[in-house]
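**Q** Annotations per TrEMBL:
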type     : residues : note
COILED   : 94-121   : coiled coil
TRANSMEM : 393-420  : transmembrane segment
TRANSMEM : 440-465  : transmembrane segment
TRANSMEM : 533-554  : transmembrane segment
TRANSMEM : 566-586  : transmembrane segment
TRANSMEM : 638-662  : transmembrane segment
REGION   : 671-710  : region 'Disordered'
COMPBIAS : 701-710  : compositional bias 'Basic and acidic residues'
TRANSMEM : 775-800  : transmembrane segment
Amino acid sequence: MGAMFRSEEMALCQLFIQPEAAYTSVSELGEAGSVQFRDLNPDVNAFQRKFVNEVRRCDEMERKLRYIEAEVNKDGVHVPAVKEPPRAPNPREIIDLEAHLEKTENEILELSHNAVNLKQNYLELTELKHVLEKTEAFFIAQEEIGMDSMTKSLIVDEAGQQAATRGRLGFVAGVVQRERVPAFERMLWRISRGNVFLRRAELDKPLEDPATGNEIYKTVFVAFFQGEQLKSRIKKVCTGFHASLYPCPPSNTERQDMVKGVRTRLEDLNMVLNQTRDHRQRVLASVAKELASWSIMVRKMKAIYHTLNLFNMDVTKKCLIGECWVPTADLPNVQKALADGSNACGSSIPSFLNCIEADEEPPTFNRTNRFTRGFQNLIDSYGVASYRECNPALYTIITFPFLFAVMFGDLGHGFIMALFGGWMVAKEVSLAAKKSNNEIWNIFFAGRYIILLMGCFSMYTGLVYNDIFSKSMNIFGSSWTIPYDNETMKENAALTLDPVDSYINVPYFIGIDPIWQTADNKIIFLNSYKMKLSIIFGVLHMIFGVCMSVVNYNFFKRRYSIVLEFLPQVIFLCLLFLYMVFMMFYKWVAYSTFSEDQAYTQACAPSVLILFINMMLFSSDTPEPGCKEFMFEGQGQIQMAFVLVALCCIPVMLFGKPLYLLAASKRKKNVKPENSNGSVNPGIEMQEQTDITEESIPKPAPKESHDHDEEPFSEVMIHQAIHTIEYVLSTISHTASYLRLWALSLAHAELSEVLWNMVLTFGLKDHNYIGAIKLYVAFCFWALFTLAILVMMEGLSAFLHTLRLHWVEFMSKFYTGLGYIFQPFCFKTILEQDDNKDD
């Protein structure tokens, strides 16, 4: 039962494991997920640890798995999910798995290499076919024009020896990437001084890059020239622009024969490519079935060896020693895991578990379930609780959604929020299996139970406020009647209802009377009502926080703080601010319209705020004739006594604890300390895993992180002065801070009313078919603004303000939050973290 109110009790244990059983034992502990190992080799480099070679083997297997997974994803092969994660492989299976991964990688590498070569050949043949076809079109076009370009010279012989140098033109054909064509043309023009005739034609369909599989667009070109020197230059330019050159016969017959041969080779190569692709698909499909299991097994292996690197070898090199934090409630599970690990490898020597004493503060472990995890995360976001410190998450389950609902009180908006939260809770199994990468959705889903409770509490406060989409419900019948006749009501735009004549002296069954929905002074009435509610809830919330400190003082054996800190604090808070709450209730009960004593009628009701200010300033006001300054006899003397007692509590808070600790430290100097030989239990023997009982577990001494008992008197005095000043000032500022409950509630109600009057009412004015269209459009906009502004934006604002009230106003009274979280060695957590990194 105590685990609900504070963190789990932890034990520091030593593990003595035989080297042959170390792997299987740590594997069983990873499946159990109940131990957090300590590093016993903090000064040893990561590359000098005992199991570094095994970690490297796991890294190499992970690299192979990443390559195989990349190839599987590249081909679009479906990888089925693992229904039940496999256990970590034993050492024999590791060798088989490593060999299998090596064989699979080599096979896929060979298939990929062959596929790239085949695709490269296919690409070259395809380009050659296009070159032959396009050049054929060039020559046919030239013959139709009648240009004998193959027998005429482009260079005119200035010396008149044209006939001697006249001959056939040479040409070069190939393909170049389309985006390089303009620069390619300019370069050919420059190197030939305009003596190259270039023809080009773009390919209609893109080609596939053999290496990457991306689409590439290319252009076929034919460059005509004269002279071997110019031919050499052109080839160098083609090489520089990564243009592919292909042989092209000059005669038409040879070109046609070559095209036929290329097409035949393309058909054969296409068939080979299809067969290679099918074989690759079969190989990858068979690999994909085991890929997820292999990945989990390798990650578990790597985690085991990383954990074994935290162990230390004993002097005889025959035993591995490890230290770990274990929740005392999980010690039987750890013992069973060690026994299973020893039995799995057939070790004749059992593993031992030895609980030892620890000087350092243990980690904080709060056991949660799906419902409480979200609330615990809210607390941990402020700071992880110190070891065995009172856990506020249990009380936050009720106080958080309630304070949220005070600001968000609307039956309609609360129903929408509860509906959304209820849907996420009902579908949580299927929604959790989808593992979305959307960060906003993941935040909503993690807080689904918080959203559900906030919606339900908002529906309740909306019922109390009698507010549903800014409208009131007259369920139980109003307690007010209208004494005026119809003619009087028609003649006057506004009439005042006197409670003597109109109120039946029986309050509305629950919440606010619906008559206030139509009243002109609705805002004034609700302001007063919600402001008082905010102060009442705020003072009660703070008193509860101060009272929670008693639980910590008692548990940590600091009972002197109950007298020297808690009592002065709670007396100070109650005599001033709880007394103000009492005056609110007394005013509601004592003053009435129907009172026979004029001093206790509503006209003579004093202002609680003015009374409180006069109380703090020791001043007074002159009451109206027939009225009294105070609510009851002797109130002035009682208030003066309350203020004086509250002021006397301040020096007790300031000097009480330091002076007590000073006296206690002087007494300790006269007591001789006992000798201790360290953190290990003196004389304790190693115990087999079945022999440990709760009585034999050394319990870490609970100590508060914020305790300054061992510090010098000056330091204690400074800290106490800071705490005292902070507390006295915070009682005022924190009480005022709770007025945000009133402010946000009022703002939410007014925004809701504005949306109704400015948007939806627009569609309710006309009563014909045009009004139906207007109403449809107006409702769409009203629903959109309601969801976007009132539910989401206002809900987020109220959530943040509620979070601040818990973190600052409530938890600061007793919560230190200076602990560190318990992070057990758990395969499930490791796999989830790896999956999140991959996403």
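Each Cβ is built from the backbone N, Cα and C atoms, and glycine gets one as well.
A description of the local structural setting of each listed feature is requested, covering burial, neighbours and distances.
**A** Cβ atoms under 8 Å from those of the coiled coil (94-121) belong to residues 57, 61, 64-65, 67-68, 71, 208, 210-211, 269, 272-273, 276-277, 279-280, 283-284, 287, 294, 297-298, 301 of the same chain, restricted to positions at least 6 beyond its ends.
Sequence-distant contacts of the transmembrane segment (393-420), counting only residues of its own chain at least 6 positions beyond either end whose CB sits under 8 Å from a CB of the stretch, comprise 4-5, 366, 372, 375-376, 378-379, 450-465, 467-470, 473, 533-534, 537, 541, 544, 548, 740-741, 744-745, 748-749, 752, 786-787, 790-791, 794-795, 798-799, 801-803, 805-806, 810.
Below 8 angstroms of C-beta separation, residues 5, 389-390, 392, 395, 399, 403, 406, 561-562, 565-566, 569-570, 573-574, 577-578, 580-581, 584, 704, 731, 734-735, 737-742, 805, 809-814 of the same chain, each at least six residues beyond the ends of the transmembrane segment (533-554), sit close to that stretch.
Only residues 6 or more beyond the boundaries of the transmembrane segment (566-586), in the same chain, are considered here, and those with a CB under 8 A from a CB of the stretch are 532, 535-536, 539-540, 542-543, 546-547, 549-550, 553, 608, 611-612, 616, 631-632, 639, 642-643, 645-646, 649-650, 652-653, 656, 727-728, 731, 735, 813.
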**Q** Mind checking which residues of the chain, 6+ beyond the ends of the transmembrane segment (775-800), have their Cβ under 8 Å from one of its Cβ atoms?
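**A** Answer is 404, 407-408, 410, 413, 416-417, 454, 469, 744, 747-748, 751-752, 755-756, 759-764.
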**Q** Determine which residues of the chain contact the transmembrane segment (638-662) at the Cβ level, with the cut-off under 8 Å and only residues 6 or more beyond its ends counted.
**A** 560-561, 563-565, 568-569, 571-572, 575-576, 579, 611, 615-616, 618, 709, 713, 716-717, 720-721, 723-724, 727-728
**Q** Near the transmembrane segment (440-465), which same-chain residues lie under 8 Å Cβ to Cβ, leaving out any that are not at least 6 residues past its ends?
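**A** Apart from its flanks, the transmembrane segment (440-465) reaches 370-371, 373-375, 377-378, 397, 400-402, 404-406, 408-422, 424-425, 428, 431-432, 510-512, 745, 749, 795, 799.
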**Q** Over the span of the coiled coil (94-121), how high is the average pLDDT in this prediction?
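**A** Mean pLDDT, the coiled coil (94-121): 90.
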